[in-house]
Amino acid sequence: MSKLIEFDEKQQVFHLHNQNISYLFSVEKGGTLSHLYFGKRVRSYHGGLTYPKLDRGFSGNLPGDLDRTFSRDTLPKEYSGAGEMDFHSPATIVRQANGSNAVFLHYAGYEIAPGKPKLPGLPAAYVENADEAETLTVKLIDDLTGLEYDLLYTIYRDRDVIARSVKVANKGKESVHLEKVASMQMDLVGQDLEAITLPGAHVNERHPQRSRLVQGRHVFESRRGTSSHQMNPFVALVDPKTDEFAGDAWGLALVYSGNHEFELEKDQLNQLHITVGINEYNFSWKLNPGDSFQTPEALLVYSASGLNGMSQTFHSLILDRVMRSKFKKAPRPILVNNWEATYFDFTEDKLKEIVDEAKELGIEMFVLDDGWFGHRDDDYSSLGDWQVFAKKFPQGLKHFADYVHGQGLKFGLWFEPEMISYDSDLYRTHPDYLMQVPGRKPSPARNQYLLDLGRKEVRDNIFDQMTKILDGGSIDYIKWDMNRHLSDIYESDLPADQQGEVYHRYVLGLYDLFERLVDRYPDILLEGCSGGGGRFDIGMAYYCPQIWASDNSDAIARLVIQYGTSLVYPQSMMTSHVSVSPNEQNGRITPFDTRAAVAMCGDLGYELDLTKMSDEDKAAVKKQVADYKQIRELTQYGKFYTLKAPLDSNEAAWMTVSDDRNEAIVTTVEIMSYAQPYLTKTKLAGLDPDKDYEDLATGQVYGGDELMNLGFYDPTQPRKDFTAKMYHFKAVDQH
Ligand code: DGJ
C-alpha cells in the first residue's frame with residue numbers, strides 16, 4: 001500500500017495526498033504551522049510557495065526575535081492562538097486564572113497512523129478497514145499553560161476529502177477555560193474565491209447564496225443551539241468561473257448538530273483566512289488539569305470538476321462512511337404520514353381508513369405523526385409524556401400497530417424526545433427537567449420548552465419512556481422531531497463557571513440518546529426532523545439515514561430547497577412527500593404528476609388524506625408508487641448530477657446514473673409556461689459516451705455522447721405552469 005502522508009524533514013513539510021488531492025503545510029520559524037496548499041494532486045513539493053520575506057508594517061514579529069520579515073500575522077495559518085502577534089480571528093482562545101486569553105502555540109512533533117480514530121462522544125466519518133485512510137496527528141504546545149493541541153488530519157485513499165479535528169489536553173497545573181476551539185483553520189493566498197452558503201428559514205431551508213468576498217470578516221453561523229434552518233453548517237469556496245460541471249470547488253462541512261461558526265476573513269493582503277468550528281458565542285469549556293476536549297470534525301472536500309464533483313464526494317462519504325444505519329443503502333419505504341391529512345384531529349378508525357387505502361395503492365409504511373401520546377389534541381400539552389393517548393387508541397398502540405402490520409405495511413411513529421410541555425406529567429413530577437435560568441421565566445416557542453438534555457437523569461427518563469414503547473417490537477421507524485430552538489440556556493447541575501458549556505453539553509446529550517437508541521434498536525429506521533429541515537447536518541446523518549427536508553412540500557418551492565440540500569447531502573437522505581394542492585404552506589396549485597416527480601428526487605412519500613382523493617388521483621398514486629418501486633434503487637442511490645440549478649431560472653433538471661453507467665433517470669421541470677416559448681435543451685451527464693441508450697418511454701435510441709453533448713429539447717407541451725417530465729434511459733446492450 002502506498003503511503004498517503006509524508007513528512008519532508010529537510011523542508012519541514014507535511015504532504016497528505018491520494019490519487020487526486022494534495023494537502024500541504026509546513027513548520028516555520030518559532031514552531032509556526034503554515035498552510036501551503038489544498039487542491040489537485042501534485043507528485044511532490046519543491047518550495048514554490050515559500051512565503052516571501054517582507055517587512056510588512058504593523059504586522060509584528062515573533063516574541064524575542066527581531067526578524068522583521070517573519071510575522072504570524074501575514075503567514076498563511078494552519079491553527080492560530082489568541083494573543084499571538086496575529087490580528088486575524090484565532091482558532092483558539094483560552095481564558096486563564098490570571099485573566100489572560102493568550103496562548104502561543106508551537107510545533108512539538110507528529111505521528112502518522114493507519115486508519116482513523118473514533119472521536120469520543122461525537123459522530124464522525126469512519127473507516128471500515130485501516131488501509132483505507134491514514135491519520136496524521138500534529139502536536140502543538142503552549143508552554144505556559146501546558147495545553148497540548150493535537151491536530152488530527154485524516155486522508156482517505158479513494159476519497160477527495162480531508163477530515164480535521166482537534167483534541168486539547170490540559171497537561172498544566174491550573175484549570176483553564178477554552179473560549180474557542182476551532183476544528184480547522186486554513187489560509188488561502190492569491191486566490192480570488194466566492195462563497196456559496198446555505199441560509200434559509202423554516203419552510204424555506206437551504207437556499208444557496210453565492211457571494212463575492214470583500215475585505216472584512218464574513219461569518220456564517222448558527223446561535224440557535226442546533227445546526228438550524230437559518231444557516232446550514234457548510235460553505236463552499238469556488239472560483240468565480242466554477243459551475244455545476246467545471247472549475248475548482250472546496251467544500252467545508254462540520255459534522256455537528258449544534259451552534260457552528262464558519263468564518264471567512266479576507267484580510268488587508270487579500271489573503272483568505274478560514275476558521276470553522278463550534279460557535280464561540282456563549283461557549284466556554286472548563287478544562288481541569290488532566291482533562292481533554294475533543295472538537296467536532298470538519299470535512300474538507302476538493303473538486304476539480306465543479307459543484308457536482310464536490311457534491312458527489314460528500315454524498316458517497318456520507319453514505320458509505322458517515323451513516324451507520326443498516327438501512328443506509330436499503331430501498332427506502334414509500335410512506336404515508338398522517339400529519340397533513342389529520343393534524344391532531346384523528347381517531348384510530350380514521351387512521352385505519354388511511355392505512356386501508358395505502359395498502360390498496362401499494363404504499364409500504366404508515367407513519368403516525370404528532371398527537372398519539374399524553375392527552376395531546378393540540379400543541380399546548382403532553383410533550384415528555386410518551387404514553388399512548390387512550391382516547392385515540394382505546395386498545396393501546398400495539399393494537400393499532402398490529403392492524404397496520406396486518407395490512408402488510410410497516411409502522412412508523414413520531415417522537416419529539418427533547419421537549420417538555422408545562423401541561424405534562426413529566427413537568428408536574430420533574431419541573432427541574434425544563435431548561436431555564438434560575439429566577440427567570442423561560443420563553444415558549446410553539447408553546448413548548450426544552451429538556452435539560454445535558455443531564456443524564458433527564459436523558460435516562462426519556463430513554464426509559466421510549467423503550468417502553470419500542471420494546472414491544474412493533475415499531476419499524478421513528479421520526480425524531482424538534483420544533484423549537486434553544487433559549488434560556490442554563491444547566492442546573494453545573495456550577496457558575498461551567499454555564500458556558502451548556503450548548504455543547506446539550507448536543508453531547510443528544511448524541512448520547514441517539515447512541516443508545518441505535519445500539520438498542522438497530523432494526524428501526526430513523527428519520528430526523530426539526531420543524532422540517534432544521535437539523536439537516538452530517539452529525540445527524542451518523543444516526544439518521546433520512547431527514548425530512550422541509551415542512552414546505554410545495555413542489556416548486558422544493559426545487560430550490562432540494563437543490564441546496566443536494567449540494568452536500570445524498571438524495572436518499574432527503575425525504576420528500578407529495579401533498580395536497582393548493583399547497584397548505586404557500587397556496588400554490590401544481591399538477592399532481594409534478595408533485596410526484598419532484599418528490600421522487602428524494603425518498604418518496606405521501607402527506608395527504610388518501611381517503612379524500614378522487615378515483616383519478618388514486619389511480620395516479622397507484623401508478624406513481626408502482627413506477628417508483630422500479631426505479632428507486634437508481635433514484636435513491638445513483639450518482640446524482642444537477643443538470644440545471646433552479647436559481648433565477650425557469651428550469652430545473654437533475655439526474656441519477658447507475659454505477660455501471662447503464663441506466664439513468666432524468667427529471668426536468670419547467671416552472672412558468674409561456675405563450676411563445678423559447679426552446680430550451682437538457683444535456684445529460686455521467687453516461688458512457690460510447691454506449692447507446694434507449695429512452696424507455698419512446699423507444700428512441702441516442703448515443704451517450706449525443707445525450708451529453710447535444711442533449712434534447714425540453715417539452716413545449718402541455719402548455720401550463722409547473723410541468724415536469726421524467727425520462728428513463730437504458731443502455732441498449734443491457735436489454
Ligand atoms: C414538524 C414536522 O416537520 C412535521 O412534519 C410534523 O411532524 C409536525 N412537526 C408535528 O408536530
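Any Cβ shown, glycine's included, is placed from N, Cα and C.
Pulled from TrEMBL:
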- 31-288: domain 'Glycosyl hydrolase family 36 N-terminal' (DOMAIN)
- Asp481: active site, nucleophile (ACT_SITE)
- Asp551: active site, proton donor (ACT_SITE)
- 651-729: domain 'Glycosyl hydrolase family 36 C-terminal' (DOMAIN)
Discussion item. I need the CA-to-CA distance for the residue listed as 'active site, proton donor' versus the residue listed as 'active site, nucleophile', whole Å please.
Written reply: 12
Discussion item. Can you give me the average pLDDT across the domain 'Glycosyl hydrolase family 36 C-terminal' (651-729), rounded to a whole number?
Written reply: 97
Worksheet item: By a simple count, how many Cβ atoms lie within 10 Å of the Cβ of Asp481 (active site, nucleophile), its own Cβ left out?
Response: 23
Response to the item:
Residue counts for the domain 'Glycosyl hydrolase family 36 C-terminal' (651-729) under DSSP, helix then strand then coil, are 6 helix, 33 strand, 40 coil
Worksheet item: What number of additional C-beta atoms lies within 10 angstroms of the C-beta atom of Asp551 (active site, proton donor)?
Response: 22
Worksheet, complete the sentence: DSSP output for Asp481 (active site, nucleophile) maps to coil
